[in-house]
Amino acid sequence: MVTDNVLTGILHIPVRCLIEDIQECREGKMLSGRDEWEEYRDYDEHFLGRPEYIRELCGRYPELLRLVLRRIEQIVDQLFCVWEAVEGRFSPVKAESVELGISDVHTGGGTAARIRLADGRSFIYKPRSLHKNRIYQGISRWFCKRLGLSFREREIYEMEGCGLDSCIECAPCLDKSEIKRFFYRLGIQLFICYLTDTSDIHGENLIANGEFPELIDLEAMPGAAGRREAHSDGGSTCSGSSDEGSNGGTHMDLFSDRCEASDMRALREWMEKSVTHTGILPTACWGNDAARGSVNALHSAEKCVTPFLLPTVTNPRSSRMKLAYERREIHLKNSVPVYQGKPAEVQRYVEVLCEGFGAAFEIACNEKEQIRSLFEPLYSEEGRFLIRHTQQYGMYLTASLAPEFMKDARNRIYLLHILKKGQKSETGYAALFAYELEAMMNMEIPIYYFRGKGKELLDGAQKAYPEYFEQSAYESFQEKLQRLSAADLGRQQMLIRLSIGCSLPQTEESGFLPTEVIRGKGAQGNVFTRLGRHLAGLRIEAGGRQIWTRTGFSGQAWRMKAAGMDLYDGIPGIAAALAAVISAGGSREFDGLFDRLTDDLFCYTERCLESKQTVSSGQTGMFAGEGSVVYAYLLLYRLTGRRQYLDYADRHVRIVRAAEEQDTSYDLLSGNAGWIVVLLKLYQETKEEAYLSYAVRAGELLWEKRTVMETGCGWLCASEKAPLAGMAHGNSGAVLAYARLMKYTKAPEYAGRLRQILEYEDSLYLEKERNWKDLRSRENRGSHTNAWCHGGSGILLSRLSLLELEEFQEDKRVARDIERGTACLMRWKKDSSICLCHGLAGKYMILCEAAKALGRDELRKESAKIRRRILELERVPVQEYYNASLMAGISGAALALCEADAELLY
């Protein structure tokens with residue numbers, strides 16, 4: 001038993017040195033054998049088998065010898081601790097086997113161990129008090145009793161400085177009702193973890209024991225309160241996950257700073273206190289874009305792959321063995337319930353999870369004093385605090401075992417100073433570094449704790465760092481308990497649905513949300529009032545601010561982001577949607593909210609003008625960039641009739657004009673093609689000749705950036721390898737821009753340009769597909785190729801704009817394209833989305849404009865049919881329902897239903 005644990009515990013320490021040594025022996029022709037496998041056996045027998053060679057090896061690598069001896073000492077000490085615990089609790093029953101090292105090694109070599117007793121029982125030894133686990137069992141038992149559920153007690157034995165917990169094994173569910181009860185119970189556990197800010201409940205810390213979810217590691221319960229600003233490290237060593245990536249809706253350095261420093265920071269802090277921080281829900285980890293690779297408790301596959309490279313031995317048991325780096329598979333088999341040999345599909349039980357969470361939440365909301373008394377003992381215990389992720393420490397430790405660091409301890413110390421990288425001198429990390437260095441020099445993972453009712457931080461050596469936290473965890477808990485409300489419940493259930501619906505392969509249960517917001521069956525108020533209230537509910541209270549949120553994606557992983565200043569998915573678009581709701585519904589309920597939104601817009605323009613900086617992103621488009629802010633002001637003027645919005649549009653024009661030459665997008669959505677359209681809409685509204693002049697200049701800038709193709713011309717947008725077709729990023733946006741320029745200037749040279757643009761776009765038409773080819777790069781390719789953004793339906797709008805020009809009214813190419821586009825529009829059957837960009841709302845508005853321009857009754861009837869379909873919707877895609885984005889969320893549906901100007905899209 002001792003030998004096995006010692007060998008297992010020290011095996012990884014000398015590997016790198018031995019690989020270097022056998023390679024040197026082979027290169028020095030010191031090994032005998034006909035091949036590398038025989039050479040390896042010779043090395044094993046005649047080199048490592050000789051004590052004098054081992055002494056010589058240790059002389060070359062003195063730090064290696066120190067670490068091996070230190071680890072052996074730690075293992076023997078731990079075995080004695082385990083045997084004493086078993087003897088003290090179970091005597092005369094003996095331990096039949098002890099397996100150390102089933103957790104990270106911390107202070108003094110402390111680690112968890114799996115124990116099997118002679119009577120067949122199994123326990124997990126933990127080198128810390130388990131009193132907190134017993135308290136947690138009492139809390140769980142109380143909730144289960146209140147909700148009429150049975151509770152399974154676990155054997156937990158407390159001893160001084162350590163404890164023995166039952167060894168829980170994964171057990172299958174006997175029927176589908178047990179699966180439902182598992183997720184309902186897990187919803188209760190999720191609420192307890194949410195209320196206590198508990199984290200680290202990943203796939204290895206939760207066991208699906210039939211219908212009972214068993215949390216087996218509660219080190220991070222309860223969670224700590226926020227740190228004092230003096231200890232802030234800029235996010236590089238924060239506790240828990242953070243939302244990497246910038247706010248895609250910001251365009252200027254100044255506004256980006258304002259957003260990052262306030263809205264984004266407040267949102268990040270709010271998310272770190274939300275259900276997503278517990279580790280139970282499927283979210284991206286380690287900065288990995290693929291949430292399907294998450295190691296969280298709920299996941300869709302039994303294995304995932306690490307996003308970073310880990311060392312592995314190649315050509316093992318040969319003289320040519322070496323160290324390589326590759327991604328590792330992590331097998332998670334125990335945290336999702338199993339039925340008939342197959343793991344349950346988490347996505348199918350999202351509403352059951354929400355139901356259990358909501359039931360526990362409502363009890364706590366109604367009985368706050370009882371809940372405070374129930375949870376208070378938990379805060380007499382210690383909780384673990386993560387200065388940085390354990391994997392980071394582990395990678396540094398592994399790197400420090402390289403031969404060059406084993407030759408001299410000083411070199412290893414220098415390497416481990418990497419812990420200081422990125423730490424600001426004022427963060428207070430210097431005091432922690434001395435402890436971390438000492439721990440890692442002894443092959444231990446640094447560990448920190450806090451006491452639930454104190455503000456100090458404790459390291460593994462029990463050194464205290466006073467006033468490290470702004471408040472105690474108990475004070476933070478009491479504040480959170482007082483804030484529990486129906487609105488908070490809705491927001492947390494929103495995050496549950498988004499985490500599962502957007503992170504795992506979608507099913508009918510997880511991908512769509514049954515809702516009465518639009519249809520209104522049994523709901524109060526008209527459709528406009530319900531939509532307005534739903535939009536208002538998408539705000540969160542964080543950091544003393546009201547923040548509008550949007551769902552964004554990075555690869556396959558969703559992110560909750562603060563709305564920026566793009567019309568597409570930011571505050572301007574929300575303001576436009578709310579203005580339409582107020583106008584159509586006739587209610588003054590949302591006036592105050594609307595005024596705050598427009599005040600944000602005004603403030604943004606003022607700050608941009610005061611800063612006298614140019615737009616750093618170079619975006620000038622109609623829906624993204626500074627041009628979209630001008631367009632938003634114009635829309636607000638049209639919807640409200642308030643002259644103030646036109647005045648601000650004129651002021652913001654100055655900001656965009658300074659950025660025209662920086663444009664690298666060129667398209668309608670975010671480039672100068674869109675800016676031209678916006679300027680000409682302003683000219684149409686005001687008859688100010690300056691806007692027409694600005695549009696002409698922007699048209700020349702855009703034309704200079706064209707790419708001449710074998711047939712016609714186009715524009716290379718962003719990272720695309722060829723000019724695209726379509727309205728948002730393709731030639732149709734340019735058609736719209738130059739058609740409007742020709743309409744208002746009467747300049748004949750635009751006709752030639754338009755024909756070149758049409759020639760290239762029409763060269764991409766595929767007769768077999770009866771649509772224009774989608775040339776987007778594979779990593780950016782979407783499934784919506786027959787919508788406003790891409791495909792024939794959006795292309796139709798550009799061709800309709802040509803009918804306003806005498807030169808193209810009898811053009812056969814234009815007539816043919818209109819028929820092709822109309823056929824695409826009528827063939828559009830993808831009704832799973834509701835948004836403007838690629839959903840029913842967009843189809844409805846395109847149909848309305850086509851019916852008006854072409855005078856076709858069948859288009860008018862189809863538009864009426866689509867409107868009825870939207871009004872009768874019983875379900876909405878979860879990522880759109882909880883997205884305030886004008887173009888990609890439910891705001892666009894609100895605006896479309898309000899019978900807003902169909903020319904919004906072009």
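Using the three backbone atoms N, Cα and C, a Cβ is placed for every residue, glycine included.
Unlike curated records, TrEMBL annotations are generated automatically.
Look at TrEMBL and you will find 71-450 tagged as domain 'Lantibiotic biosynthesis protein dehydration'. The feature region 'Disordered' is assigned by TrEMBL to 226-249. Residues annotated as compositional bias 'Low complexity' in TrEMBL: 233-245. The annotation Zn(2+) binding site is assigned in TrEMBL to Cys789, Cys837, His838.
The binding-site residues considered are Cys789, Cys837; of these, Cys789 has the fewest other C-beta atoms within 10 angstroms of its C-beta. In the three-state DSSP scheme, Cys837 (Zn(2+) binding site) falls into the coil class. Averaged across the domain 'Lantibiotic biosynthesis protein dehydration' (71-450), pLDDT for the predicted model comes to 86.
Counting Cβ atoms from all protein chains shown, His838 (Zn(2+) binding site) has 28 others lying within 10 Å of its own Cβ.
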